Amino acid sequence: SNTGNSFNFTVKFGPLCSGNSSNRKRGCDTKYGCGNYGASRGGGKRKHEGLDIVCADGATVYAPFDVKLNGKAAPYKKNNAINDGINLSGEGLCFKLFYVKPDSYSGTLTKGQKIGTLLPMQNVYPGITSHVHVQMCDKSDPTKYF
């Protein structure tokens, strides 16, 4: 539904992570499931509500376009080594990035500026393909923006 938008323009995310300029998506891990939107979690009881973009532990996470930083977005109720992230808005989109330690939780960044650093996923999920999790605020499918 492109209401108020006559030329059917879909925003595309610029590179999110150093070392992954094409925003390669996480595939499937033997122990931890798959990175696509809607993939099953917790033995099929839950659905993956975002999209995983490959990103190494400690890599730099970049603003995919001009964004406003809107505070912390913690993925887990129970704290652990990767329980951090950021709420962002820009290009008419509202989204969250999980597993990122942001340099700041507020302000604005232009496309390609550093948001922060990927947290040590291997400490929490040994053997997983480390990644940044992209989740739309309304939990819709972000795939079309990649």
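Each residue, glycine too, has its Cβ placed from N, Cα and C.
Here TrEMBL flags Cys17-Cys55, Cys28-Cys34, Cys94-Cys137 as disulfide bond. Look at TrEMBL and you will find His48, Asp52, His133 tagged as Zn(2+) binding site.
Comparing local CB density within 10 A for the disulfide-bonded residues Cys17, Cys34, Cys55, Cys137, the maximum falls on Cys55. The subset of recorded positions (Cys17, Cys28, Cys34, His48, Asp52, Cys55) lying with their Cα within 10 Å of the Cα of Cys137 (disulfide bond) is empty, i.e. none. Measuring Cα to Cα from His48 (Zn(2+) binding site), the disulfide-bonded residues that fall within 10 Å are Cys34, out of Cys17, Cys34, Cys55. Taking the C-alpha atom of Cys34 (disulfide bond) as reference, the shortest distance to any of the recorded positions Cys17, Asp52, Cys55, Cys94, His133 belongs to Asp52.
In sequence order, Cys34, Gly35 are the residues near Cys28 (disulfide bond), counting only same-chain partners six or more apart with C-beta under 8 A. Cβ neighbour density within 10 Å is lowest for His48 among the binding-site residues His48, His133.
Neighbours of the Zn(2+) site: apart from His48, Asp52, His133, residues of the same chain with C-beta atoms within 8 angstroms of the site's C-beta centroid are Arg26, Gly35, Asn36, Tyr37, Ala39, Glu49, Gly50, Leu51, Phe98, His131, Val134, Gln135. Comparing Cα positions, Cys94 (disulfide bond) lies closest to His133 out of the recorded positions Cys17, Asp52, Cys55, His133. Long-range C-beta contacts of Asp52 (Zn(2+) binding site), restricted to its own chain and to partners at least six residues apart, with a cutoff below 8 Å, comprise Lys25, Arg26, Gly35, Asn36, Thr129, His131, Val132, His133, Val134.
Within 10 Å of the C-beta of Cys94 (disulfide bond) there are 13 other C-beta atoms, taking all protein chains into account.
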